[in-house]
Amino acid sequence: MRAIAVDIDGTITDSSRKLCISALRALRGAERKGIPVIIVTGNVLCFAMAASVLIGTSGDVVAENGGVIYSDGGIRVLGDIEKAETAYNHLREIHPVRKVQFSDLRLSEVAITREIPVQAIREALEGFDVEVYDTGFAVHLTDPEVNKGSSLKLVAESMGIEMSDVMAIGDSENDIEFLERAGFSVAVANADPELREMADYVTAREYGDGVREAIHKFAGVDI
Ligand SMILES: O=C(O)COP(=O)(O)O
Ligand SMILES: [Mg+2]
């Protein structure tokens with residue numbers, strides 16, 4: 001394994017989005033061993049970059065479910081926010097939806113709070129050119145042309161790393177394409193059933209403790 005790609009919310013953070021110390025230590029241990037960590041998240045890029053700096057990850061960064069990447073020292077917007085805004089404007093006429101915090105900073109997709117059942121959102125947006133992801137933290141309306149998996153591939157290529165050499169770790173449905181594309185996939189114990197079903201390995205422990213478990217077991221990092 002030459003890199004670890006890791007989701008943020010529900011994977012290295014707990015159910016209230018607080019960073020798990022166990023994950024922090026494991027990710028730093030991987031970096032010390034020369035295994036770069038790539039953050040792959042639905043959060044906005046500046047949030048993901050701050051997480052990268054504070055944790056100490058040296059890999060590039062995938063944000064907004066693949067709609068934005070930080071790669072080769074530059075920012076690239078890959079998703080078309082117009083598709084998401086068109087869908088959101090329609091949704092607003094039907095349901096009292098609200099965007100999540102920091103939405104002004106989103107460059108490629110729209111994320112809304114989870115007050116309306118996701119099934120109702122999917123029904124209202126049938127025929128619109130957006131992917132709807134319920135991450136357990138927000139509902140994202142994302143350009144279907146991009147996802148965490150396709151953008152991770154771009155980032156890994158620019159780092160000179162094959163996808164077959166990447167271990168991916170995630171927790172929810174926005175991680176499916178991301179785990180599918182990686183050479184080895186891990187779902188933390190608290191992950192969505194669908195993700196646990198398709199992952200190569202499901203950790204015994206939840207959240208950051210699961211991340212530590214996988215990094216210890218498969219990357220040989222002593223923590
Ligand atoms: O932004 C979200 O809703 C979830 O973020 P995540 O992809 O890091 O879990
Ligand atoms: Mg997550």
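Glycine is no exception: its Cβ is also placed from the backbone N, Cα and C atoms.
Taking Cβ-Cβ distances under 8 Å and a sequence separation of 6 or more, the neighbours of ASP7 (active site, nucleophile) in its chain are VAL40, THR41, LYS148, ILE169, GLY170, ASP171, SER172, ASP175, PHE178. DSSP assigns ASP7 (active site, nucleophile) to coil in the three-state reduction, outside any helix or strand. Positions annotated as active site, nucleophile by TrEMBL: ASP7.
Residues or ranges marked as Mg(2+) binding site in TrEMBL: ASP7, ASP9, ASP171, ASP175. For ASP9 (Mg(2+) binding site), the Cβ neighbour count at a 10 Å cut-off comes to 21, with all displayed protein chains included.
Residues or ranges marked as transmembrane segment by TrEMBL: 35-55.
Annotation source TrEMBL lists substrate binding site at LYS148. Taking all protein chains in view, 31 other C-beta atoms sit within 10 angstroms of the C-beta of LYS148 (substrate binding site).
Excluding the listed site residues ASP7, ASP9, ASP171, ASP175, the same chain places ILE8, GLY10, THR11, THR41, GLY42, THR135, GLY170, SER172, ASN174, VAL188, ALA191 with Cβ atoms within 8 Å of the centre of the Mg(2+) site Cβ atoms. A 10 Å cutoff on Cβ-Cβ distances gives ASP171 (Mg(2+) binding site) a total of 29 other Cβ atoms nearby, all chains included. Residues ASP7, ASP9, ASP171, taken from the recorded positions ASP7, ASP9, LYS148, ASP171, are distinguished by a CB atom under 6 angstroms from ligand 2. In this structure, the binding-site residues that sit close to ligand 1, with a C-beta under 6 angstroms from any of its atoms, are ASP9, chosen from ASP9, LYS148, ASP175. Mapped onto three states, the DSSP output places ASP175 (Mg(2+) binding site) in helix. There are 36 other Cβ atoms within 10 Å of the Cβ belonging to ASP175 (Mg(2+) binding site).
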